[in-house]
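What follows is one structure encoded as structure tokens, with my remarks underneath.
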Amino acid sequence: TRSLTITSVDPSMFEKAQGEKVTLPCTFELSEEDEGPLDIEWVLIPADNQKREKIIIMYAVDRVYNHYYGALTGRMQFTNLDPRSGDGSLDILNLKAADTGTYQCKVKKAPGVQSKKIQLTVLVKPARTKCSIEGSQEIGKDVTLKCVSQEGSPLLSYDWRRVSGTQDLPATSMLNKNTGELLLKNASREYSGRYSCVASNRVGTDECSVELNVTPPVNTAAIIIGAIIGTLLGLSVLCSVIFCFCKKHREKKYEKEVHHDIREDVPPPKSRSSTARSYIGSNRSSLGSMSPSNMEGYTKTPYSQVPSEDFERAPAQNTAFAPSKVAAPNLSRMGAVPVMIPAQSKDGSIV
């Protein structure tokens, strides 16, 4: 019994670049026996067989339903506005790397049912390719030119070429197309110039360049000596600063100690002149009260017993009261009557 048939003979595998558009073909023919309603579905088959298929767009009962799969919403549509004409092909716009997968077209018109699978691979072009130099750019050294693309689907291939000069790579160069490394052994001045790297895959290319400047070896001994001299000078300056700081600190400490040398809790020393004056004053009071009864004791008091360290010459106006110059008191002026006091001599007689 004749039934509907999918007539698409286009390849079942597509490779497209990111951002491009792809048309997944699905044409069919109906038979006279297929009398049921036409139903066309596009589903995405996950790589994991444990997951269920996802309907991304469907035509049923003369109407299109395209809100099932949010990742493709607004970027997919039927190629023919009227799929009943026998064309159920699908257009996907602005492709992304996440669109990679297996798509299946299912056409149903009872009792006939047919399907077709198409593998879509979205490739990313090489982008943000960077070139760099590794190693010392000195005569006689080995230099490595590196080339790496930050974006790009495998398999990426790298190729180096010389832009300036002879445009031929040096005879000692070794190129690794998979890693993008160009090794220049035993570099010489002739190796200097601009080099360009082209990164490519099946959907596009990207390019970068770098300037190589091979120079004579650097005098490392002079650099080391200069560094040592600079270090010593720096240390000497540092030591001078520390010495000045310590010296200034000691001077401030000494000034502080001298300033606080006189203690507030220690009384001041006594004045010798004040001691002598007080002693003379006491003698004045004794002379003022002089009488016959105490005259004998006064004359017998030796002035030599006054401590020399506490005695100081009295002022000029008080010289009359010095012990060595004190005259015998005039008893008649004092109104006193002389009294004879008997005395006994050495032989026992009364004098």
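Note that Cβ sites are derived from N, Cα and C of the backbone, with glycine treated the same way.
Marked as domain 'Ig-like' by TrEMBL: 18-121 (among others).
Each residue in the domain 'Ig-like' (126-215) gets a DSSP state, and the totals come to 3 helix, 51 strand, 36 coil. Among the features that TrEMBL reports, domain 'Ig-like' is placed at 126-215 (among others).
For 221-246, the entry in TrEMBL reads transmembrane segment.
Summarising the annotation, TrEMBL assigns region 'Disordered' to 261-300.
Taken from TrEMBL, the feature compositional bias 'Polar residues' covers 271-300.
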Tertiary contacts of the transmembrane segment (221-246), as residues 6+ beyond its ends and Cβ separation under 8 Å = none
